[in-house]
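Pulled from TrEMBL, these are the features on record:
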- Asp32, Lys37, Thr93, Thr129, Glu163, Lys274, Arg341: NAD(+) binding site (BINDING)
- Phe160, Leu161, Arg162, Glu163, Lys215, Phe260, Leu261, Arg262, Ala263, Gly264, Gly268, Lys334: substrate binding site (BINDING)
- Cys271: active site, nucleophile (ACT_SITE)
- 327-428: domain 'UDP-glucose/GDP-mannose dehydrogenase C-terminal' (DOMAIN)
Amino acid sequence: MSPKITVIGLGYLGATHAAAMAELGFEVLGLDIVPEKIELLTRGETPIYEPGLEDMLRRHVAGLPGSTGRLSFTTSYAAVAEFGDIHFICVNTPQKPGEYACDMSYVDSAVDSLAPHLTRPSLVVGKSTVPVGSAARLARRVAELAPAGDAAELAWNPEFLREGFAVDDTLHPDRIVAGVTGERAEVLLREVYAGPLGDGTPFIVTDLPTAELVKTAANAFLSTKISFINAMAEICETAGGDVVKLAEALGHDDRIGKKFLRAGIGFGGGCLPKDIRAFMARAGELGAPEAVAFLREIDSINMRRRVYMVDLTRETLGGSLLGKRVAVLGAAFKPDSDDVRDSPALNIAGQLHLQGAEVTVHDPKAMENARRVFPTLRYADSPTEAAQGAHAVLHLTEWREFRELDPAALGEVVGERHILDGRNTLDPALWRKAGWTYRALGRPTA
Ligand code: UDX
């Protein structure tokens, strides 16, 4: 008989994982401690915008018309322990306020709440991104608290999903990493992932610390690639080169690869920024800070690009932002997402506002979240409305609809035709032809 699965923490990662497990044919019970979230999910809805997720939920949430009924939700740890053989921990590990380290309290409390109910053989599987060493500590905690003792085991199975592609990344991962301490955990995880494994997905079995590190190292490497190309953009700005062409030429070398070499205002979101900081903090605790000292520079380059964008706007507007109208296109940290956590776009909008500009923001999906974080900014329902009378238009999140804007039509409503492309994805020739000054990061001005 197939193992029954539970998913603890129904945020981004957990909601997607729970629905994907049901899609793969398992009976799934999802737990969250927030009752409103459970109510929403029970209706087949999510609090986040993620293409394809609500459809996948509706195919499986029990009680919805035409669903398989394989997916249900609860707020009770006792119910979860009673139901499941495998318990995935998917709670978040945010950056601690005012510190670099990550906050492990949600993971700790999930394990402490679940383990005392584990009376029969079960496998607890961590998926959250955690500082190396956490899994071994949590494994001891499970063994100590679970009435089943050693029969309750812990494994680590990091998740690499990207927002905007969460459903596809979960159902068709590049690789599956299983950090285990024994054969039983490996066998169970192979059974859970039999679907993707059948499609030839590599399955890499490691010890617990290596599994935790794969995730941390992967995100640190991605951040490094982005900050590297952004450092090259800085060089291009002084040497007169074009970073877009540079990245294209670099990417043809298979050893380097084309991906994650898009220069611009840098990386944001709920993962990359906090994960490199948490990695630095953990390396410091372990007495190995030199090993990842360069990550501090990766973070600084990233934050510098936001300041540079503000400086470039001020310079374009003649040296002062006071009273200048600026239209900001984009608030989400990347397109196809409504997530504004550590969003470079919103951060830049905020800096401009604090320096006296009248900022109006438009984003196709992230308006509600942006309003909550930055209620003092103005918000408009369309790019055209945001651009009314603007002295400069800033393109800060590369939504497709922004690439498809008609520069001539937008030129009719602005006060001055200055477009600053923070994502290097607009067509400079098109904008210049329509009478705009086009400026971008790491690209020649004319
Ligand atoms: C990231 C990792 O990709 C994923 O594997 C991990 O599980 C979670 O963190 P995500 O945060 O969804 O995923 O976003 P991603 O697509 O990686 O983009 C992160 C940020 O980097 C965005 O702000 C994006 O705009 C920026 N970025 C990405 C660049 O500035 N340049 C690039 O070339 C690529």
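Even glycines carry a Cβ here, placed using N, Cα and C.
Nobody curates TrEMBL annotations by hand; they come from automatic prediction.
Location within the structure of each feature annotated in TrEMBL.
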{"residue": "Asp32", "record": "NAD(+) binding site", "contacts (Cβ under 8 Å, 6+ apart)": "Ile8, Gly9, Leu10, Gly14, Ile38, Leu41, Phe73, Thr75"}
{"residue": "Lys37", "record": "NAD(+) binding site", "contacts (Cβ under 8 Å, 6+ apart)": "Leu10, Pro47"}
{"residue": "Thr129", "record": "NAD(+) binding site", "contacts (Cβ under 8 Å, 6+ apart)": "Thr93, Cys102, Pro158, Glu159, Lys215, Thr216, Asn219, Cys271, Asp275, Ala278"}
{"residue": "Phe160", "record": "substrate binding site", "contacts (Cβ under 8 Å, 6+ apart)": "Asp169, Pro173, Asp174, Arg175, Lys215, Ala218"}
{"residue": "Arg162", "record": "substrate binding site", "contacts (Cβ under 8 Å, 6+ apart)": "Asp169"}
{"residue": "Glu163", "record": "NAD(+) binding site", "contacts (Cβ under 8 Å, 6+ apart)": "Tyr12, Glu50, Gly269, Gly270, Lys334, Asp336, Ser337, Asp339"}
{"residue": "Ala263", "record": "substrate binding site", "contacts (Cβ under 8 Å, 6+ apart)": "Ile229, Asn230, Met232, Ala233, Val243, Val244, Ala247, Asn424, Leu441, Gly442"}
{"residue": "Gly268", "record": "substrate binding site", "contacts (Cβ under 8 Å, 6+ apart)": "Phe333, Lys334, Arg341, Asp342, Ser343, Pro344, Ala345, Asn347"}
{"residue": "Lys274", "record": "NAD(+) binding site", "contacts (Cβ under 8 Å, 6+ apart)": "Pro94, Gln95, Cys102, Asp342"}
Secondary structure composition of the domain 'UDP-glucose/GDP-mannose dehydrogenase C-terminal' (327-428) [DSSP: H/G/I, E/B, coil]:
35 helix, 18 strand, 49 coil
What average pLDDT is reported by the model for the domain 'UDP-glucose/GDP-mannose dehydrogenase C-terminal' (327-428)?
97
Residue, out of the binding-site residues Lys215, Arg341, whose Cβ gathers the largest set of other Cβ atoms within 10 Å:
Lys215
Among Asp32, Thr93, Lys215, please name the binding-site residues whose Cβ is nearer than 6 Å to ligand 1.
none
Local Cβ density at Leu261 (substrate binding site) - other Cβ atoms counted within 10 Å:
20
